[in-house]
Amino acid sequence: MSTWANLGLQDSASPLMEQLIFFHDHALLILVMITVLVGYLMFMLFFNSYVNRFLLHGQLIEMIWTILPAIILLFIAMPSLRLLYLLDEINEPSITLKSIGHQWYWSYEYSDFNNVEFDSYMIPTNELSNDGFRLLDVDNRIVLPMNSQIRILVTAADVIHSWTVPALGVKVDGTPGRLNQTNFFINRPGLFYGQCSEICGANHSFMPIVIESVPVNYFIKWISNSVNS
């Protein structure tokens, strides 16, 4: 989900997303180098009038084009495996948020507090304010503290959904009868937008997600008002 005139990924708002962007750039660099090398070899092959009689059957060249791709794959696989383990690791979360996907809205529960739960619907275009984002703004945002480890539990009430926020590097499938979890750490304040990323019916495109990241003291005030109300 890119923003206006943006050809790359969104600006990261979590350490894990920063690592994902680094891995993307790392893999892209390797792919560009391979493309340039293969393009150069093909160019030289087409425009070269000489023939190498050992090219089609030579042990040295066969060893090179067998071992070299294996080494290149290792350079891609090792950072990828490291990232996979980092994404699955849960580091003593400060807050647990439960997200339940419905057709076609999200329900949220703050599991550490009593009676803090709400539904989050997309604001229709005809009710949107001038500074709102079409198909992205919701009536009830998720409010979370910055610089805190957050655990999110994701499930669904009807069909398979997917809770996704690109700026945080988070994508968790919500499956009926099953509870999936992941964690993230928001390192700056702001509004972060996401959408359901699993086709879930006619109004799949109208299930946005909005996270409002605030300092811890503001979050405490917000949660106190929510509990008292």
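Every residue gets a Cβ built from N, Cα and C, even glycine.
Annotation source Swiss-Prot lists topological domain 'Mitochondrial intermembrane' at 1-26, 83-229, citing sequence analysis. If you look up Swiss-Prot, you'll see 27-48, 63-82 marked as transmembrane segment, on the strength of sequence analysis. Swiss-Prot lists 49-62 with the feature topological domain 'Mitochondrial matrix', giving sequence analysis as the kind of evidence. Positions annotated as Cu cation A1 binding site by Swiss-Prot, on the basis of similarity to another entry: His161, Cys196, Cys200, Met207. The Cu cation A2 binding site annotation in Swiss-Prot covers Cys196, Glu198, Cys200, His204 and is backed by similarity to another entry. Annotated Mg(2+) binding site per Swiss-Prot: Glu198, in sequence order, evidence recorded as similarity to another entry.
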Sequence-distant neighbours of His161 (Cu cation A1 binding site) in its chain (C-beta under 8 A, six or more apart):
Gly101, Val154, Asp173, Gly174, Cys196, Glu198, Cys200, Met207
Cys196 (Cu cation A1 binding site) has its Cβ surrounded, within 10 angstroms, by a count of other Cβ atoms equal to 26
Shell of the Cu cation A2 site beyond Cys196, Glu198, Cys200, His204, same chain only (C-beta within 8 angstroms of their C-beta centre):
Gly101, Trp104, Val159, Ile160, His161, Ser162, Ser197, Ile199, Gly201, Met207
For the topological domain 'Mitochondrial intermembrane' (1-26), could you work out the same-chain residues 6 or more beyond its ends whose Cβ comes under 8 Å from its Cβ atoms?
76, 79-80, 83, 86-87, 166-170, 184-188, 190, 192-195, 213
Which residues, in sequence order, are found in the same chain with Cβ within 8 Å of the centroid defined by the Cβ atoms of His161, Cys196, Cys200, Met207 at the Cu cation A1 site, excluding those residues themselves?
Gly101, Gln103, Trp104, Trp106, Ser162, Gly174, Gln195, Ser197, Glu198, Gly201, His204
Counting other CB atoms within 10 Å of each candidate's CB, the least crowded of the binding-site residues Cys200, Met207 is Cys200
Within 10 Å of the Cβ of His204 (Cu cation A2 binding site), how many other Cβ atoms are there?
17
Determine, from DSSP, whether Cys196 (Cu cation A1 binding site) sits in helix, strand or coil.
strand
Quick check: in three-state DSSP terms, what is His204 (Cu cation A2 binding site)?
helix
Would you report the average pLDDT that the model assigns to the topological domain 'Mitochondrial matrix' (49-62)?
73
